[in-house]
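Record features, source TrEMBL:
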ACT_SITE  His168  active site
ACT_SITE  Glu272  active site
BINDING   Arg69, Gln87, Arg92  substrate binding site
Amino acid sequence: MAGSGSERVAVELCKGINGLDKVVLRGPRGSSAEVYLYGGHVTSWRNDHGEELLFVSSKAIFKPPKAIRGGIPICFPQFGSHGSLEQHGFARNKFWSIDTDPPPFPTNSKSFIDLILKPSEEDTQKWPYSYEFRLRVALGPGGDLMLTSRVRNTNADGKPFTFAFAYHTYFSVSDISEVRVEGLETLDYLDNLQNKQRFTEQGDALTFESEVDKIYLSTPTKIAILDHEKKRTFVLRKDGIPDAVVWNPWDKKAKTMTDFGDDEYMHMLCVEAAAVEKPITLKPGEEWKGRLELSAVPSSYCSGQLDPQKVLQSS
């Protein structure tokens with residue numbers, strides 16, 4: 001693997017849109033990822049062929065205090081409007097720092113970055129707790145994208161705190177009407193379009209023909225997103241994160257969003273590893289860890305059906 005692979009810089013700090021600092025991660029075979037320090041926000045994940053796998057709106061505003069529309073926003077310590085803080089909490093609107101002293105942590109990747117977020121005085125007025133949020137973003141040798149979050153309660157006064165969390169991942173898809181999601185069949189979900197009422201999903205894979213905003217509960221560790229037109233399947237693996245949010249704004253809602261193109265809903269789908277229904281409580285000194293691994297594999301079809309064994313067993 002000498003030659004082209006060794007010439008690629010695995011980790012590079014540079015300037016992104018509007019002069020914001022970003023880190024570029026590069027894999028040995030051509031894959032890459034970009035992480036903005038603003039929000040600790042992954043904004044790009046490309047496969048070995050250079051194809052972009054995440055959706056970022058063409059109208060995204062890379063300007064604080066607005067969160068970046070697309071990629072993988074970090075929702076913490078609140079999800080959505082389930083609480084008194086701003087939508088999805090404040091982590092996605094803060095400048096994170098590069099963590100120069102991360103905890104020891106096994107990895108098979110040379111291409112990773114460790115970020116850290118600690119509360120500012122302004123934050124503690126809104127959310128009066130002391131914490132350390134460490135985020136590692138890693139690009140595996142095969143081009144998989146891995147995010148590991150660790151939240152530690154550092155309160156000196158003995159106070160526990162409770163938080164919700166999500167990796168609000170926007171996947172790039174060719175045509176939302178040709179997309180299926182497998183792994184959420186027959187599960188209970190809360191429907192945000194119906195006052196968070198609880199329902200049970202049907203036995204079929206999810207398909208999309210209108211706005212959707214659902215929180216699936218106690219979901220499996222693997223979920224597959226099938227893009228029929230591209231013959232590509234995203235496999236989402238998660239650990240320590242029980243729920244999964246599925247969101248697409250569809251046409252009417254898209255038109256009301258200033259940082260989202262009117263027709264862009266056709267080319268994106270959010271499937272988000274989340275801890276929403278039962279928020280996490282940490283006592284001082286305790287740490288929570290939540291991990292997400294994303295991979296993109298060619299789909300194998302048989303009369304229009306995915307062979308789930310092949311996708312869900314592929315590593």
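Every residue, even glycine, has its Cβ placed from backbone N, Cα and C.
Features per TrEMBL, on structure.
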| residue | record | Cβ contacts under 8 Å, 6 or more apart |
| --- | --- | --- |
| Arg69 | substrate binding site | Val56, Ser57, Lys59, Ala60, Ile61, Met257, Asp259, Phe260 |
| Gln87 | substrate binding site | Gly80, Ser81 |
| Arg92 | substrate binding site | Gly39, Gly40, His41, Ala67, Ile68, Pro73, Ile74, Cys75, Phe76, His168 |
| Glu272 | active site | Cys75, Ala166, Tyr167, His168, Thr169, Ala244, Val245, Val246, Trp247 |
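The Cβ centroid of Arg69, Gln87, Arg92 marks the substrate site; residues of that chain outside this set whose Cβ lies within 8 Å of it are Lys66, Ala67, Ile68, Pro73, His88, Asn93, His168, given in sequence order. Largest CA to CA distance in the substrate binding set (Arg69, Gln87, Arg92): 13 Å, whole number. His168 (active site) has a Cβ environment of 23 other Cβ atoms inside 10 Å.
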